[in-house]
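Chemist: So Swiss-Prot says this about it:
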REGION    1-28  region 'Disordered'
MOTIF     45-73  motif 'Q motif'
DOMAIN    76-250  domain 'Helicase ATP-binding'
BINDING   A89, K90, T91, G92, S93, G94, K95, T96  ATP binding site
MOTIF     198-201  motif 'DEAD box'
DOMAIN    272-435  domain 'Helicase C-terminal'
REGION    500-533  region 'Disordered'
COMPBIAS  517-533  compositional bias 'Basic and acidic residues'
REGION    556-575  region 'Disordered'
REGION    662-796  region 'Disordered'
COMPBIAS  663-696  compositional bias 'Basic and acidic residues'
COMPBIAS  697-706  compositional bias 'Basic residues'
COMPBIAS  737-746  compositional bias 'Basic and acidic residues'
COMPBIAS  754-767  compositional bias 'Basic and acidic residues'
Amino acid sequence: MAPSNGPRSGKNAKSSHTLKRKRAQDDLSTLTQRVEDLDIKETYKSFSDLPLSEPTASGLASSHFKTLTDIQSRAIGHALKGRDILGAAKTGSGKTLAFLIPVLENLYRKQWSEHDGLGALILSPTRELAIQIFEVLRKIGRYHTFSAGLIIGGKSLKEEQERLGRMNILVCTPGRMLQHLDQTAMFDVFNLQMLVLDEADRILDMGFQKTVDAIVGHLPKERQTLLFSATQTKKVSDLARLSLQDPEYVAVHETASSATPSTLQQHYVVTPLSQKLDVLWSFIRSNLKAKTIVFLSSGKQVRFVYESFRHLQPGIPLMHLHGRQKQGGRLDITAKFSQAKHAVLFSTDITARGLDFPAVDWVIQMDCPEDADTYIHRVGRTARYERDGRAVLFLDPSEESGMLKRLEQKKVPIERINIKANKQQSIRDQLQNMCFKDPELKYLGQKAFISYVKSVYVQKDKEVFKLKELKLEDFASSLGLPGAPRIKFIKGDDTKERKNASRATAYLSSDDDSDEGGEKKSKKDEKQVRTKYDRMFERRNQDVLADHYSKLINDDGTLVDPSKTASAADDADEDDDFLSVKRRFDAGDEDLGGNSEEELEQKGVKVVQLDGKDTLVIDSKRREKLLKSKKKLLKFKGKGTKLIYDDEGNAHELYEMEDEEDFKARGDAKEQQARFLAEETERTRTADMEDKEVAKQKRREKKEKRKARERELLAEEEAEEAVAQLAPYKEDDEFSASDREDDAPRPSKKQKVRIAEPEESKEEPWYKKSKKPAAKAPEQIQTLEDLESLATGLLG
């Protein structure tokens, strides 16, 4: 008889679970022992040689990962033993697996579950790189029971908060992670085991410094920290911020002759700034069957170049990617470019680090990178995993020498190539035509120009970035703009100062700057930086003349002769300016208040008579402009006066001051005070009595009106018949006047015609109703039917 396939008995099931648990414990202890016995100095070639758990090994095999790269072979062993690591390797060398495998293995050996909380935190500088790391984690960790999450900006914060407490592994960007640490109440990181920083040098620089410091402040100090990047930092301050404990520095290609992959061909082109767009267009037209990434320094440039080339239709799909786009759009563009065989992607540095776009043929750097590390990360988007790739760098003649020195220091081999003149196509006329027809494109061009100049201006390496040597007018023309937009932050010759400077001032300043031999200084001293507080303390009233003007006039108000000034300056002592006159007033024999109008007119000064007694002296252009504004002239006019008229029609001012003699003639001040108080007391008492009498009369009239209304209501209710007032007969006209006087007074209003209602339908007014129930009145019998109904009721 065949064995039964039914459910096992309780005893057999319990024993099988016990055996399974025991077997798992034995496997875990064996794995732990293998990790402890691992020889770090030995070089391993495949993942099967490493002490990995069964779920991790199965995930690697399913994802077709078999052979170890150099960084993986040297870093995974240290990480499995729980040491802190600083990992540095070339781009495309497999650094992602070098930290994801230790994360899975360390949590697996500790039998981590969702009840233990967050076990590993992986920080990435960009959203796209975080998404890529999360996808790799899903592939190799598909057989594990850990819960992993992706925390980036652009997603719903509330949905992330609901699921965050159940996560064991988190891949995130610094900004969003700090937001959850500060705002999510149920999110705890006290039990964190591992902290991983991918592209650590970028995360630790000034852009993320405060954010990373705040995140590290929330984390426990007893943890394992892994730092990986193509250009690793060794600064003691950065390592101290992360509380690294005796870190192991793993640099695979430190002794290599090149910091970039050997399969990468690197070239640079020296082209003026105004010809970069023409060279880029010619390159794209010559490589329509290639996959290219073009790096620019700002998002405004990316948008302008993308929109311009899209209108020109080069014959290849164009895409653009920058940080101002929505997260959904960024993901779509990343996926489309990864799947495309032939395309051009215009991008900022958000795609320069870590992203793995398959089969990229060219990397074009239209703008010079800020340093050699940025250059290495940009060109690392091609020639990945031992594949071929090519990179081209566009340099302005002023940037060539400085940038080549920086690349040489980083062991970057690069060669110069020249462009054939017959292959280059100019698109300047087309861009000018498009900017003329499309105001939005012109606006984008202006913003692109400003953002590029600003990006050059803020660079620290002034040996490479020399803003004054760039031909900005030609660059603006190459963008299709009619002229270079004004940029406020560029320091140069102040046109306003040169416009307002007078010849005499320039002559005096030239004499002051000349040395004893008579030779003038060729260059003025650079001005020191003046803050807003300096300007606040240097501020003076507008009616005080400037120092240079006070030096041009003599004590008598006449202008200084320049020839005499030059000769006198030679004999003057250096300390003559110790007690210098700030402003001179023309004081004569009269009062110091000012000169008469005749004297001012003789000196050529214009005097304007305003409404009233005041006069306005026009001695400057500011005063001339003042005459055009009525509002500003009000402060120079006298205050208006208000007149009142007495009963006799005489005009008096609103407030007239009494003469002191008249006041004394009326007696002592205290007697006047007492008399005034008595008069005012009597006046107020009389007025109070009058007010009380008026109030009493009003109350009496109100009471009489109320009683009259009540009488009228009673008279209307007692009326038994319908009464209509009709016009009088002719005989009534014969009544005598005496009879009319005896009649009742005529009402003020015309009486309305009222018809009395029958008694059956009349209701008793509310004030006449009794609280006791009224007896029912007998019904009146009017017809035979009423009599019959009454008899029927009595009999029945």
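Yeah, the Cβs are placed from backbone N, Cα and C, and that goes for glycine too.
Remember, it's a predicted structure, so these values are computed and weren't measured experimentally.
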Chemist: What other residues of this chain sit with their CB within 8 A of the center of the CB atoms of A89, K90, T91, G92, S93, G94, K95, T96, the recorded ATP site?
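Modeler: Going along the sequence, the neighbours appear as T69, I71, A230, R384.
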Chemist: Given a Cβ distance threshold of under 8 angstroms, which distant residues of the chain, six or more beyond its ends, lie next to the motif 'Q motif' (45-73)?
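Modeler: Distant Cβ neighbours of the motif 'Q motif' (45-73) are 27, 31, 34-35, 38, 80, 87, 89, 93-95, 97-98, 101, 104-105, 108-109, 139-144, 250, 252-253.
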Chemist: For a quick check of understanding: among the binding-site residues G92, G94, which residue's Cβ has the most other Cβ atoms within 10 Å?
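Modeler: Result of the Cβ crowding comparison: G92.
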Chemist: With Cβ-Cβ distances below 8 Å as the criterion, list the same-chain residues six or more beyond the ends of the compositional bias 'Basic residues' (697-706) that contact it, or say none.
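Modeler: Same-chain contacts beyond the ends: none.
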Chemist: Within 10 Å of the Cβ of T91 (ATP binding site), how many other Cβ atoms are there?
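Modeler: Neighbour count, Cβ to Cβ under the 10 Å cut-off: 25.
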Chemist: Please report the number of other Cβ atoms within 10 Å of the Cβ of K90 (ATP binding site).
Modeler: 24
Chemist: Same chain only, sequence gap of 6 or more: which residues have a CB within under 8 Å of the CB of T96 (ATP binding site)?
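Modeler: Result: Q132, I133, V136, D198, G354.
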Chemist: Which of the three DSSP-derived classes (helix, strand, coil) applies to S93 (ATP binding site)?
Modeler: coil
Chemist: Near A89 (ATP binding site), how many other Cβ atoms are within 10 Å of its Cβ?
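Modeler: Here the count is 24.
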Chemist: Are there residues of the same chain, six or more positions away from K95 (ATP binding site), whose CB falls under 8 angstroms from its CB, and which are they?
Modeler: I71, G87, A89, D198, F228, S229, A230
Chemist: From the DSSP assignment alone, can you count helix, strand and coil residues within the motif 'Q motif' (45-73)?
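Modeler: When I sort the residues of the motif 'Q motif' (45-73) into the three classes, I find 16 helix, 2 strand, 11 coil.
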Chemist: Tell me the Cβ contacts of S93 (ATP binding site) under 8 Å, same chain only and six or more apart in sequence, or just say none.
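Modeler: Once residues fewer than 6 apart are set aside, S93 (ATP binding site) is near T69, D70, I71, V252.
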Chemist: With DSSP, how much of the motif 'DEAD box' (198-201) is helix, how much strand and how much coil, in residues?
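Modeler: Helix, strand, coil within the motif 'DEAD box' (198-201): 2 helix, 1 strand, 1 coil.
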Chemist: Would you list the DSSP helix, strand and coil counts for the residues of the compositional bias 'Basic residues' (697-706)?
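Modeler: Looking at the compositional bias 'Basic residues' (697-706) with DSSP, the answer is 10 helix, 0 strand, 0 coil.
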Chemist: So how many of the residues in the compositional bias 'Basic and acidic residues' (663-696) end up helix, strand or coil by DSSP?
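Modeler: Reading the DSSP string over the compositional bias 'Basic and acidic residues' (663-696) gives 31 helix, 0 strand, 3 coil.
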